[in-house]
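Asks: Could you have a look at this structure, given as C-alpha coordinates, before my questions?
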Ligand code: V55
Ligand code: FE
(Lines of atoms letter the chains of each structure in order from A and count residues from 1; the text may use other names and numbers.)
(Lines give C-alpha, C1' and ligand atoms only; values in the text may rest on other atoms or scores of the structure.)
(Ligands and ions follow the chains in the order given, each with its own letter.)
Protein backbone atom coordinates (compact mmCIF):
# COMPACT_ATOMS: atom_id res chain seq x y z
CA UNK A 1 0.00 0.00 0.00
CA UNK A 2 1.52 3.32 -1.08
CA UNK A 3 -1.19 5.63 0.25
CA UNK A 4 -2.72 6.16 3.66
CA UNK A 5 -6.19 4.73 4.36
CA UNK A 6 -9.01 7.15 5.21
CA UNK A 7 -10.02 5.57 8.51
CA UNK A 8 -10.25 7.09 12.02
CA UNK A 9 -6.59 6.10 12.46
CA UNK A 10 -5.48 8.46 9.68
CA UNK A 11 -7.85 11.46 9.76
CA UNK A 12 -8.47 14.41 12.07
CA UNK A 13 -5.69 14.67 14.65
CA UNK A 14 -4.43 11.28 13.36
CA UNK A 15 -3.60 12.78 9.95
CA UNK A 16 -0.04 11.69 9.06
CA UNK A 17 2.31 14.70 9.48
CA UNK A 18 5.73 12.96 9.40
CA UNK A 19 7.71 16.18 9.77
CA UNK A 20 10.89 16.28 11.85
CA UNK A 21 11.61 19.88 12.77
CA UNK A 22 12.79 22.52 15.17
CA UNK A 23 11.02 25.82 15.74
CA UNK A 24 12.40 28.60 17.93
CA UNK A 25 10.47 31.19 19.94
CA UNK A 26 6.86 30.19 19.45
CA UNK A 27 4.29 32.96 19.72
CA UNK A 28 3.11 33.31 23.33
CA UNK A 29 -0.16 34.96 24.38
CA UNK A 30 -0.14 35.88 28.08
CA UNK A 31 2.78 35.35 30.45
CA UNK A 32 4.42 32.03 31.19
CA UNK A 33 5.05 31.72 34.95
CA UNK A 34 8.78 32.11 35.60
CA UNK A 35 8.98 28.81 37.50
CA UNK A 36 8.03 26.79 34.40
CA UNK A 37 11.62 25.97 33.38
CA UNK A 38 12.22 22.67 31.66
CA UNK A 39 10.84 20.39 28.96
CA UNK A 40 7.41 18.96 28.22
CA UNK A 41 8.18 15.75 26.31
CA UNK A 42 5.43 14.03 24.32
CA UNK A 43 5.13 10.64 22.61
CA UNK A 44 3.47 11.00 19.20
CA UNK A 45 2.61 8.02 16.95
CA UNK A 46 3.03 9.09 13.29
CA UNK A 47 3.94 6.35 10.81
CA UNK A 48 6.75 7.23 8.47
CA UNK A 49 5.37 4.97 5.71
CA UNK A 50 1.92 4.05 4.48
CA UNK A 51 0.89 0.84 6.29
CA UNK A 52 0.90 -2.66 4.82
CA UNK A 53 -2.78 -3.16 5.71
CA UNK A 54 -5.87 -0.99 5.21
CA UNK A 55 -7.10 -1.77 8.76
CA UNK A 56 -3.93 -0.41 10.40
CA UNK A 57 -4.38 1.32 13.77
CA UNK A 58 -2.78 4.38 15.41
CA UNK A 59 -1.22 2.24 18.17
CA UNK A 60 0.95 0.68 15.42
CA UNK A 61 2.49 3.95 14.22
CA UNK A 62 6.16 4.94 14.56
CA UNK A 63 6.95 6.85 17.74
CA UNK A 64 8.11 10.44 17.52
CA UNK A 65 9.58 12.28 20.49
CA UNK A 66 8.37 15.87 20.71
CA UNK A 67 9.55 18.55 23.12
CA UNK A 68 8.28 21.95 24.18
CA UNK A 69 11.29 23.54 25.86
CA UNK A 70 10.31 26.33 28.29
CA UNK A 71 13.22 28.66 28.93
CA UNK A 72 13.08 32.18 30.39
CA UNK A 73 9.48 32.71 29.28
CA UNK A 74 10.21 31.56 25.71
CA UNK A 75 9.20 28.22 24.21
CA UNK A 76 10.90 26.16 21.48
CA UNK A 77 9.45 23.09 19.74
CA UNK A 78 11.30 20.05 18.40
CA UNK A 79 10.11 16.70 17.07
CA UNK A 80 12.12 13.70 15.81
CA UNK A 81 11.48 10.07 15.01
CA UNK A 82 12.64 7.53 17.56
CA UNK A 83 15.12 5.53 15.47
CA UNK A 84 14.01 2.07 16.47
CA UNK A 85 15.32 -1.01 14.67
CA UNK A 86 11.97 -1.13 12.86
CA UNK A 87 12.09 2.53 11.83
CA UNK A 88 15.59 2.12 10.41
CA UNK A 89 14.73 -1.06 8.44
CA UNK A 90 11.67 0.58 6.89
CA UNK A 91 13.54 3.82 6.19
CA UNK A 92 16.13 1.87 4.22
CA UNK A 93 13.45 -0.08 2.29
CA UNK A 94 11.36 3.12 1.78
CA UNK A 95 8.20 1.20 2.70
CA UNK A 96 6.42 -0.56 5.54
CA UNK A 97 7.82 -4.04 6.29
CA UNK A 98 6.04 -4.65 9.58
CA UNK A 99 2.39 -5.63 9.33
CA UNK A 100 -0.41 -5.61 11.86
CA UNK A 101 -0.23 -4.27 15.42
CA UNK A 102 1.71 -6.77 17.51
CA UNK A 103 1.40 -9.58 14.97
CA UNK A 104 4.81 -10.65 13.59
CA UNK A 105 3.15 -13.30 11.39
CA UNK A 106 1.93 -10.49 9.12
CA UNK A 107 5.41 -9.00 8.51
CA UNK A 108 7.50 -9.02 5.34
CA UNK A 109 9.74 -12.15 5.62
CA UNK A 110 12.85 -9.95 5.30
CA UNK A 111 12.37 -8.61 8.86
CA UNK A 112 11.74 -11.90 10.66
CA UNK A 113 13.14 -11.74 14.20
CA UNK A 114 13.66 -7.96 14.15
CA UNK A 115 12.52 -5.73 17.04
CA UNK A 116 8.94 -4.69 16.21
CA UNK A 117 8.40 -2.03 18.87
CA UNK A 118 7.65 1.53 17.77
CA UNK A 119 8.36 3.22 21.15
CA UNK A 120 5.28 5.44 20.74
CA UNK A 121 3.52 5.54 24.13
CA UNK A 122 5.25 7.38 27.01
CA UNK A 123 8.42 9.42 27.48
CA UNK A 124 9.83 8.19 30.83
CA UNK A 125 12.48 10.06 32.82
CA UNK A 126 14.41 8.17 35.46
CA UNK A 127 17.84 8.57 37.05
CA UNK A 128 19.05 11.11 34.50
CA UNK A 129 17.90 9.23 31.40
CA UNK A 130 15.01 9.68 28.97
CA UNK A 131 13.31 6.63 27.48
CA UNK A 132 10.61 6.27 24.85
CA UNK A 133 8.52 3.27 25.75
CA UNK A 134 5.90 0.88 24.43
CA UNK A 135 4.65 -2.18 26.27
CA UNK A 136 5.52 -4.65 23.46
CA UNK A 137 9.30 -4.09 23.66
CA UNK A 138 12.13 -2.56 25.62
CA UNK A 139 12.46 1.18 25.93
CA UNK A 140 14.67 3.23 23.64
CA UNK A 141 16.96 5.79 25.25
CA UNK A 142 16.77 9.25 23.70
CA UNK A 143 19.19 12.17 24.15
CA UNK A 144 17.00 14.77 25.93
CA UNK A 145 18.98 17.67 24.42
CA UNK A 146 19.29 16.62 20.75
CA UNK A 147 16.35 14.14 20.68
CA UNK A 148 18.67 11.70 18.89
CA UNK A 149 18.07 8.03 19.64
CA UNK A 150 20.83 6.48 21.74
CA UNK A 151 19.57 2.89 21.46
CA UNK A 152 17.59 0.12 23.10
CA UNK A 153 17.81 0.13 26.92
CA UNK A 154 18.45 -3.14 28.80
CA UNK A 155 20.16 -1.99 32.04
CA UNK A 156 23.67 -2.86 30.85
CA UNK A 157 22.51 -6.27 29.69
CA UNK A 158 20.90 -7.12 33.06
CA UNK A 159 17.22 -6.98 32.08
CA UNK A 160 15.82 -10.39 31.13
CA UNK A 161 12.33 -9.22 30.24
CA UNK A 162 11.86 -8.59 26.53
CA UNK A 163 9.24 -5.96 27.34
CA UNK A 164 9.01 -2.82 29.46
CA UNK A 165 5.77 -1.09 30.41
CA UNK A 166 4.89 2.42 29.23
CA UNK A 167 3.65 3.05 32.81
CA UNK A 168 6.38 2.61 35.40
CA UNK A 169 5.82 4.22 38.83
CA UNK A 170 8.50 6.29 40.54
CA UNK A 171 8.46 6.54 44.34
CA UNK A 172 8.76 10.25 45.18
CA UNK A 173 10.66 9.58 48.43
CA UNK A 174 13.07 6.76 47.52
CA UNK A 175 13.50 7.70 43.84
CA UNK A 176 13.16 4.02 42.91
CA UNK A 177 11.38 3.10 39.69
CA UNK A 178 8.96 0.17 39.97
CA UNK A 179 8.09 -1.35 36.60
CA UNK A 180 7.05 -4.51 34.83
CA UNK A 181 6.94 -6.16 31.43
CA UNK A 182 4.24 -8.61 30.38
CA UNK A 183 4.65 -11.26 27.66
CA UNK A 184 8.11 -10.98 29.21
CA UNK A 185 9.47 -14.12 27.55
CA UNK A 186 8.10 -13.35 24.08
CA UNK A 187 4.86 -13.42 22.13
CA UNK A 188 1.90 -14.79 24.17
CA UNK A 189 4.10 -15.69 27.14
CA UNK A 190 2.01 -15.63 30.36
CA UNK A 191 5.02 -14.42 32.38
CA UNK A 192 5.17 -10.93 33.81
CA UNK A 193 8.52 -9.49 34.95
CA UNK A 194 8.26 -7.30 38.06
CA UNK A 195 11.32 -5.08 38.45
CA UNK A 196 12.84 -2.34 40.59
CA UNK A 197 15.53 0.12 39.49
CA UNK A 198 17.17 2.08 42.31
CA UNK A 199 17.39 5.87 42.41
CA UNK A 200 20.63 5.78 40.41
CA UNK A 201 19.05 3.71 37.64
CA UNK A 202 20.55 0.31 38.50
CA UNK A 203 18.32 -2.73 38.01
CA UNK A 204 18.27 -4.21 41.52
CA UNK A 205 15.44 -6.73 41.25
CA UNK A 206 13.66 -8.70 38.52
CA UNK A 207 11.19 -11.48 39.32
CA UNK A 208 8.79 -13.28 37.01
CA UNK A 209 5.26 -14.46 37.76
CA UNK A 210 2.40 -15.86 35.65
CA UNK A 211 -0.81 -13.93 35.15
CA UNK A 212 -4.13 -15.87 35.35
CA UNK A 213 -4.77 -15.25 31.65
CA UNK A 214 -2.64 -13.50 29.00
CA UNK A 215 -4.07 -10.03 29.19
CA UNK A 216 -2.95 -6.59 28.14
CA UNK A 217 -1.42 -5.11 31.32
CA UNK A 218 -1.11 -1.47 30.35
CA UNK A 219 -0.52 0.07 33.78
CA UNK A 220 -0.07 -0.87 37.44
CA UNK A 221 0.17 0.89 40.81
CA UNK A 222 2.31 0.96 43.91
CA UNK A 223 1.65 2.02 47.49
CA UNK A 224 4.20 2.38 50.29
CA UNK A 225 3.62 -1.32 51.07
CA UNK A 226 2.37 -2.99 47.90
CA UNK A 227 2.81 -3.54 44.18
CA UNK A 228 -0.61 -3.99 42.55
CA UNK A 229 -1.44 -5.46 39.14
CA UNK A 230 -5.11 -4.91 38.15
CA UNK A 231 -5.78 -6.98 35.01
CA UNK A 232 -8.75 -7.03 32.66
CA UNK A 233 -10.13 -9.62 30.22
CA UNK A 234 -8.61 -8.29 26.99
CA UNK A 235 -6.74 -11.41 25.89
CA UNK A 236 -4.29 -12.63 23.30
CA UNK A 237 -4.17 -15.96 21.48
CA UNK A 238 -1.27 -17.44 19.51
CA UNK A 239 -3.49 -19.31 17.04
CA UNK A 240 -5.37 -16.10 16.23
CA UNK A 241 -2.05 -14.35 15.63
CA UNK A 242 -0.77 -17.15 13.40
CA UNK A 243 -3.94 -16.80 11.34
CA UNK A 244 -3.06 -13.11 10.82
CA UNK A 245 -5.61 -11.81 13.33
CA UNK A 246 -5.64 -9.25 16.11
CA UNK A 247 -3.36 -9.38 19.13
CA UNK A 248 -6.18 -8.41 21.50
CA UNK A 249 -9.81 -9.48 21.83
CA UNK A 250 -11.97 -8.38 24.75
CA UNK A 251 -13.90 -11.18 26.50
CA UNK A 252 -17.02 -9.71 28.10
CA UNK A 253 -17.68 -12.91 30.09
CA UNK A 254 -14.46 -13.17 32.09
CA UNK A 255 -13.64 -11.47 35.40
CA UNK A 256 -10.99 -8.90 36.08
CA UNK A 257 -8.39 -9.70 38.76
CA UNK A 258 -6.13 -7.75 41.06
CA UNK A 259 -2.72 -9.21 41.83
CA UNK A 260 -1.29 -7.71 45.02
CA UNK A 261 2.04 -8.41 46.75
CA UNK A 262 4.43 -6.58 49.10
CA UNK A 263 6.35 -4.22 46.86
CA UNK A 264 9.73 -5.39 48.17
CA UNK A 265 8.46 -8.96 48.55
CA UNK A 266 8.69 -12.19 46.60
CA UNK A 267 6.30 -12.94 43.72
CA UNK A 268 5.31 -16.13 45.58
CA UNK A 269 3.44 -13.79 47.97
CA UNK A 270 1.14 -12.55 45.19
CA UNK A 271 -2.58 -12.82 46.06
CA UNK A 272 -5.14 -12.72 43.23
CA UNK A 273 -8.51 -11.15 44.04
CA UNK A 274 -11.39 -11.52 41.60
CA UNK A 275 -12.96 -8.28 40.34
CA UNK A 276 -16.04 -7.41 38.27
CA UNK A 277 -16.76 -9.29 35.02
CA UNK A 278 -16.14 -7.80 31.58
CA UNK A 279 -14.76 -4.44 32.70
CA UNK A 280 -11.72 -2.69 31.23
CA UNK A 281 -9.17 -0.11 32.28
CA UNK A 282 -6.01 1.25 30.70
CA UNK A 283 -4.89 3.69 33.38
CA UNK A 284 -4.91 3.68 37.14
CA UNK A 285 -4.70 7.13 38.75
CA UNK A 286 -3.04 6.17 42.02
CA UNK A 287 -3.19 3.82 45.00
CA UNK A 288 -2.39 4.21 48.69
CA UNK A 289 -2.44 2.46 52.06
CA UNK A 290 -5.05 3.45 54.64
CA UNK A 291 -4.35 1.22 57.65
CA UNK A 292 -5.19 -2.31 56.47
CA UNK A 293 -7.12 -0.90 53.52
CA UNK A 294 -5.64 -0.31 50.10
CA UNK A 295 -7.40 2.14 47.79
CA UNK A 296 -6.90 1.83 44.02
CA UNK A 297 -8.32 4.66 41.90
CA UNK A 298 -8.81 3.83 38.24
CA UNK A 299 -10.40 4.96 34.96
CA UNK A 300 -12.86 2.09 34.63
CA UNK A 301 -15.24 1.28 31.77
CA UNK A 302 -17.80 -1.48 31.26
CA UNK A 303 -16.03 -2.79 28.16
CA UNK A 304 -12.79 -2.10 26.26
CA UNK A 305 -12.53 1.50 24.99
CA UNK A 306 -10.84 0.48 21.70
CA UNK A 307 -13.33 -0.56 19.01
CA UNK A 308 -10.88 -3.02 17.36
CA UNK A 309 -10.33 -4.84 20.67
CA UNK A 310 -14.11 -5.09 21.20
CA UNK A 311 -14.87 -6.18 17.65
CA UNK A 312 -12.17 -8.90 17.74
CA UNK A 313 -14.10 -10.28 20.73
CA UNK A 314 -17.44 -10.13 18.89
CA UNK A 315 -18.69 -7.11 20.88
CA UNK A 316 -20.72 -4.57 18.90
CA UNK A 317 -21.05 -1.37 20.93
CA UNK A 318 -20.99 2.25 19.79
CA UNK A 319 -18.21 4.37 21.28
CA UNK A 320 -20.77 6.81 22.79
CA UNK A 321 -22.61 3.97 24.57
CA UNK A 322 -19.65 2.87 26.68
CA UNK A 323 -20.28 3.49 30.37
CA UNK A 324 -17.68 4.11 32.99
CA UNK A 325 -16.54 6.19 35.93
CA UNK A 326 -13.48 7.22 37.78
CA UNK A 327 -13.73 4.43 40.35
CA UNK A 328 -12.22 3.51 43.72
CA UNK A 329 -11.54 -0.15 44.42
CA UNK A 330 -10.74 -0.90 48.05
CA UNK A 331 -9.13 -4.09 49.38
CA UNK A 332 -9.11 -5.05 53.06
CA UNK A 333 -5.69 -6.64 53.51
CA UNK A 334 -6.43 -7.84 57.05
CA UNK A 335 -8.37 -10.72 55.45
CA UNK A 336 -6.57 -13.82 54.13
CA UNK A 337 -8.55 -13.54 50.94
CA UNK A 338 -9.24 -9.80 50.65
CA UNK A 339 -12.56 -8.72 49.20
CA UNK A 340 -13.00 -5.88 46.78
CA UNK A 341 -15.45 -3.05 47.35
CA UNK A 342 -16.18 -0.43 44.71
CA UNK A 343 -17.46 3.14 44.64
CA UNK A 344 -17.57 5.89 42.00
CA UNK A 345 -15.29 8.93 42.41
CA UNK A 346 -16.04 10.98 39.31
CA UNK A 347 -17.33 11.15 35.72
CA UNK A 348 -16.04 8.73 33.05
CA UNK A 349 -12.75 9.61 31.39
CA UNK A 350 -9.12 8.65 30.95
CA UNK A 351 -5.56 10.00 30.58
CA UNK A 352 -5.23 10.79 34.28
CA UNK A 353 -2.34 12.66 35.87
CA UNK A 354 -1.12 12.97 39.40
CA UNK A 355 1.44 15.26 41.04
CA UNK A 356 4.70 13.26 41.17
CA UNK A 357 4.93 13.81 44.94
CA UNK A 358 1.57 12.00 45.46
CA UNK A 359 2.60 8.75 43.77
CA UNK A 360 1.57 5.80 45.96
CA UNK A 361 0.70 8.10 48.88
CA UNK A 362 -2.55 9.44 50.38
CA UNK A 363 -3.58 12.29 48.05
CA UNK A 364 -6.25 14.87 47.61
CA UNK A 365 -6.75 15.43 43.89
CA UNK A 366 -5.84 14.40 40.34
CA UNK A 367 -6.60 15.48 36.77
CA UNK A 368 -8.01 13.60 33.81
CA UNK A 369 -9.77 14.07 30.48
CA UNK A 370 -13.45 13.57 29.80
CA UNK A 371 -16.28 14.44 27.42
CA UNK A 372 -18.14 17.61 28.35
CA UNK A 373 -21.84 16.72 28.24
CA UNK A 374 -22.64 20.37 27.43
CA UNK A 375 -20.19 20.64 24.52
CA UNK A 376 -21.82 21.83 21.31
CA UNK A 377 -21.24 19.63 18.27
CA UNK A 378 -19.29 16.40 17.85
CA UNK A 379 -15.78 15.89 19.30
CA UNK A 380 -12.75 16.31 17.06
CA UNK A 381 -11.82 13.06 15.33
CA UNK A 382 -8.48 11.44 16.06
CA UNK A 383 -6.43 10.10 18.98
CA UNK A 384 -5.96 6.42 19.83
CA UNK A 385 -9.71 5.61 20.00
CA UNK A 386 -10.77 7.88 17.13
CA UNK A 387 -12.61 10.62 19.08
CA UNK A 388 -10.74 13.16 21.19
CA UNK A 389 -11.62 14.29 24.70
CA UNK A 390 -12.87 17.86 25.08
CA UNK A 391 -12.84 18.54 28.84
CA UNK A 392 -10.06 18.71 31.40
CA UNK A 393 -11.23 17.76 34.90
CA UNK A 394 -9.72 18.25 38.33
CA UNK A 395 -11.23 15.84 40.85
CA UNK A 396 -10.93 15.85 44.63
CA UNK A 397 -10.89 12.16 45.44
CA UNK A 398 -12.01 12.64 49.07
CA UNK A 399 -15.27 14.47 48.39
CA UNK A 400 -15.88 13.95 44.66
CA UNK A 401 -15.76 17.70 43.90
CA UNK A 402 -15.07 18.15 40.18
CA UNK A 403 -14.01 21.29 38.34
CA UNK A 404 -13.70 21.55 34.57
CA UNK A 405 -11.81 23.58 32.00
CA UNK A 406 -13.92 24.21 28.94
CA UNK A 407 -12.53 24.65 25.45
CA UNK A 408 -14.15 26.24 22.37
CA UNK A 409 -16.57 23.93 20.45
CA UNK A 410 -14.91 21.18 18.43
CA UNK A 411 -11.51 21.41 20.17
CA UNK A 412 -9.45 18.41 21.28
CA UNK A 413 -7.52 18.24 24.56
CA UNK A 414 -4.55 15.98 25.16
CA UNK A 415 -3.21 14.57 28.40
CA UNK A 416 -1.77 17.32 30.62
CA UNK A 417 1.64 17.30 32.26
CA UNK A 418 1.92 18.63 35.81
CA UNK A 419 4.62 21.14 36.73
CA UNK A 420 5.07 21.48 40.50
CA UNK A 421 5.38 24.94 42.04
CA UNK A 422 8.14 25.97 44.40
CA UNK A 423 5.73 28.30 46.18
CA UNK A 424 4.36 26.88 49.46
CA UNK A 425 0.68 26.00 49.12
CA UNK A 426 0.59 26.52 45.34
CA UNK A 427 -0.62 23.50 43.37
CA UNK A 428 1.56 24.12 40.32
CA UNK A 429 0.66 24.22 36.65
CA UNK A 430 -0.68 22.01 33.90
CA UNK A 431 0.56 22.04 30.32
CA UNK A 432 -1.83 20.62 27.75
CA UNK A 433 -1.98 20.66 23.96
CA UNK A 434 -5.28 21.95 22.57
CA UNK A 435 -6.19 21.47 18.91
CA UNK A 436 -8.50 24.21 17.63
CA UNK A 437 -10.39 23.81 14.33
CA UNK A 438 -9.54 26.55 11.82
CA UNK A 439 -12.85 26.47 9.99
CA UNK A 440 -16.54 26.19 10.88
CA UNK A 441 -17.94 22.85 12.18
CA UNK A 442 -18.05 20.18 9.48
CA UNK A 443 -14.97 21.55 7.73
CA UNK A 444 -11.72 19.73 6.90
CA UNK A 445 -10.96 17.67 10.05
CA UNK A 446 -7.21 17.86 9.34
CA UNK A 447 -7.27 21.68 9.46
CA UNK A 448 -6.64 22.87 13.01
CA UNK A 449 -4.08 24.81 15.02
CA UNK A 450 -2.28 23.25 18.00
CA UNK A 451 -1.50 25.35 21.08
CA UNK A 452 -0.03 24.55 24.49
CA UNK A 453 -2.20 25.99 27.24
CA UNK A 454 -0.64 26.80 30.59
CA UNK A 455 -3.26 26.34 33.31
CA UNK A 456 -3.18 26.83 37.07
CA UNK A 457 -3.49 23.23 38.27
CA UNK A 458 -5.82 24.02 41.18
CA UNK A 459 -7.98 26.45 39.16
CA UNK A 460 -8.62 24.70 35.84
CA UNK A 461 -12.05 26.35 35.58
CA UNK A 462 -10.31 29.72 35.08
CA UNK A 463 -8.81 28.55 31.78
CA UNK A 464 -5.28 29.24 30.57
CA UNK A 465 -2.94 31.92 31.92
CA UNK A 466 -0.88 31.62 28.73
CA UNK A 467 -1.23 30.07 25.27
CA UNK A 468 1.76 28.94 23.22
CA UNK A 469 0.91 28.92 19.52
CA UNK A 470 2.67 26.50 17.21
CA UNK A 471 0.96 27.68 14.02
CA UNK A 472 0.88 23.98 13.10
CA UNK A 473 -1.57 21.10 13.15
CA UNK A 474 0.29 18.59 15.33
CA UNK A 475 -0.53 14.93 15.38
CA UNK A 476 -2.17 13.52 18.57
CA UNK A 477 0.12 12.52 21.40
CA UNK A 478 -0.43 9.52 23.64
CA UNK A 479 1.33 10.43 26.93
CA UNK A 480 3.69 13.20 27.97
CA UNK A 481 6.02 14.01 30.82
CA UNK A 482 7.51 17.12 32.44
CA UNK A 483 11.26 17.26 33.18
CA UNK A 484 12.61 20.25 35.12
CA UNK A 485 15.65 22.26 34.01
CA UNK A 486 17.58 20.97 37.03
CA UNK A 487 17.00 17.36 35.94
CA UNK A 488 17.88 18.14 32.31
CA UNK A 489 21.10 19.84 33.39
CA UNK A 490 22.02 16.73 35.40
CA UNK A 491 21.19 14.26 32.60
CA UNK A 492 23.60 11.39 32.02
CA UNK A 493 23.52 11.83 28.25
CA UNK A 494 24.93 15.18 27.15
C1 LIG B 1 -2.43 1.91 24.71
C2 LIG B 1 -1.59 2.62 23.86
C3 LIG B 1 -0.71 1.92 23.06
C4 LIG B 1 -0.69 0.55 23.09
C5 LIG B 1 -1.52 -0.16 23.94
O6 LIG B 1 -3.52 3.78 25.65
C7 LIG B 1 -2.39 0.53 24.76
C8 LIG B 1 -3.39 2.57 25.59
C9 LIG B 1 0.13 3.88 21.98
O10 LIG B 1 0.16 2.49 22.16
O11 LIG B 1 0.16 -0.12 22.26
FE1 FE C 1 -1.13 4.60 28.64
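Yeah, the Cβs are placed from backbone N, Cα and C, and that goes for glycine too.
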Asks: Please pick, from 61, 283, 295, 365, the residue that TrEMBL records in the Fe cation site together with 167, 218, 479.
Replies: 283
Asks: For the binding-site residues 167, 218, 283, 479, which sit with their CB under 6 angstroms from an atom of ligand 1?
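Replies: Among 167, 218, 283, 479, near ligand 1: 218.
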Asks: Are there any residues at least 6 positions away along the chain from residue 283 (Fe cation binding site) with a Cβ closer than 8 Å to its Cβ? List them or say none.
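Replies: Same-chain residues close to residue 283 (Fe cation binding site) (Cβ under 8 Å, separated by 6 or more) are 167, 218, 219, 298, 299, 350, 351, 352.
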Asks: Would you list, in sequence order, the residues of this chain other than 167, 218, 283, 479 that have their CB within 8 A of the centroid of the site's CB atoms, where the site is the one recorded for Fe cation?
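Replies: Result: 121, 122, 165, 166, 219, 282.
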Asks: What three-state secondary structure does DSSP assign to residue 479 (Fe cation binding site)?
Replies: coil
Asks: Inside 10 Å of the Cβ of residue 479 (Fe cation binding site), count up the other Cβ atoms and send me the figure.
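Replies: That number is 21.
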